[in-house]
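Colleague: Have a look at the structure that comes next, please.
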Amino acid sequence: MPVLKREQARDLGDPSGLPKLPVPPLQQTLDMYLKCMSHLIPEEQFKKTKAIVEKFGAPGGMGEFLQKKLVERSEHKANWVYDYWLEDMYLSNRLALPVNSSPVMVFPKQNFTSHSDTLRFAAHLISGVLEYKSLIDGRALPVDYARGQLAGTPLCMDQYNKVFTSYRLPGAKMDTLVAQKSTVMPEPEHIIVACKNQFFVLDVVINFRRLNEKDLYTQLERIRKMADIEEERLPPIGLLTSDDRTQWAEARSVLIKDSTNRDSLDMIERCLCLVCLDEPSGTELTDTNRALLMLHGGGMDKNGGNRWYDKPMQFVIGADGCCGVVCEHSPFEGIVLVQCSEYLLRYMRGSPSKLVRAASMSELPAPRRLRWKCSPDIQAFLTASADKLQRLVKNLDMNVNKFTGYGKEFIKKQKMSPDAYIQVALQFTFYRCHGRLVPTYESASIRRFQEGRVDNIRSSTPEALAFVKAMSMLCDAEKMELLWTAIKAQTNYTILAITGMAIDNHLLGLREIAKELKLEKPELFSDTTYATSIHFILSTSQVPTTEEMFCCYGPVVPNGYGACYNPQTDHIIFCVSSFRDSAETSSDLFVKTLEGCLKEMQDLCLKCNSESKPTDSTEKMAGNTKVMKNGSKS
């Protein structure tokens, strides 16, 4: 498969007609950077950083030179930050994909009473996947439009084209995002079915005809029987993909020395997606446990080897009813995971299973088990990968909490943006737990621009700090005023981010273009403050759904929290993750504190909002900031 270059992925003329991502003014970014960090670092450190920033931004200085080069880059690239961002955010990251990088969508628990129930569900889901792929291939998906600020703006649909055609290839220093070339003639298409740590090729298009649901069921039944033959079982090679990226790249380079392994890898790398038929986990399927099982499979002794983490979409179907999707995040954002998942759940509910009525193909070629030749070196890699996955399983501390005190309806009645309100509540919670605020990441969609992915909303604003401090010392009227000010600041930063004017992508671009030009690293980027600014102890994302499901992910730093939330009319689902080996964090304590903070904010609103009227501009800003149904602000 060729490397996914933008020239292959889209027409350079951009038929969508979307504007290019702007390069923000240099001084605006530098001023905002200082404002974002001023209250998060010691005073002496800030003075030093301020001097460094002023030197960088001085007339005729390094900043102006790099800014000019960045503007030149933007003139001949569809999106000046895309490559820099993709490499920095994903491809150069050496951490293992499960927990650290791959988000998951957890479906409602299914009630399977037999293996045939599980396989019927799987066949129905695969039919839905093939329908969805045909919509993408036929460019028949409706265009997404922004809601809230600048409502009605069409959004870039490029990410959808990568759902079933991409593969993340591990590299020694950097991974590569590869994609299949599209062809005029339909090619044979297949998915990979994982069952009992074995991998099977299931052709879904044979002789230019798509398999119907009855045929899919027949083939899945054959796969299940083949997986049960113990003497045929091979080592759980999928475990290698759960290791850190450099280690997996090294193992893969040993694997491909054998032609049998090369053929098997080729089949996996070219498949549409994976369907993972999991064994029962033997645990109580609470929301928290289902989230854990989806994130890491439960480790080697459960379903941890029944995965191939480099593929963008793995549909997990557990015999015990634990189902969902594991997503390799580099090709696309949360919107794709949400939209695809919601389409499938609606498809399965709305189109009855066609197992009985459909005409079947008379002769179906048998599904094929992928073979592996395992040298002693590969066995050693497998042992090491299994140990590391087990440590990750033991380390992850997850709490999925359905907060039922109120939902987005109450927040909207206060004429506040639910997202801004929840972000302020998360700052309040962190402050209550730790007595300080820290650099915070909230994903903001920049899909109103060509090839737009995300930028960062820095939610730990000075205004949020003033509010959270006030909650333990000032009178109610003053607290309320400061809450409004914090929500306004959050809303204003959101608008900057979604219109391409936030600071994170811009600073990344300046840093990377200096490296590209082989210049000495500017002091701005070797300063301690910059390292602190991108160490996101609180990593957050709003992922609203219209179906009964929720998204979750792990922390992005060892001493941090992952906080994914799904606001519904009368409740909010929070998925909070951290690592047990950090003495600084506790998911249970965070969630318990969060519930108390949300209650205090509600009490304050109920006491004050009838008396305290926000200014017109504040009300308009807070009330209008809505979110796309996609897991990032639009």
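The backbone N, Cα and C atoms fix where each Cβ goes, glycine too.
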Colleague: With the ranges 1-22, 221-242, 287-308 to choose from, which does TrEMBL describe as region 'Disordered'?
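Modeller: The range carrying the region 'Disordered' annotation in TrEMBL is 1-22.
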Colleague: Take the domain 'Choline/carnitine acyltransferase' (21-595) and average the pLDDT across it for me.
Modeller: 95
Colleague: For HIS329 (active site, proton acceptor), which residues in the same chain are close in space, meaning a Cβ under 8 Å from its Cβ, but six or more apart along the sequence?
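Modeller: TYR90, SER101, SER102, PRO103 - these are the non-local Cβ neighbours of HIS329 (active site, proton acceptor), listed in sequence order.
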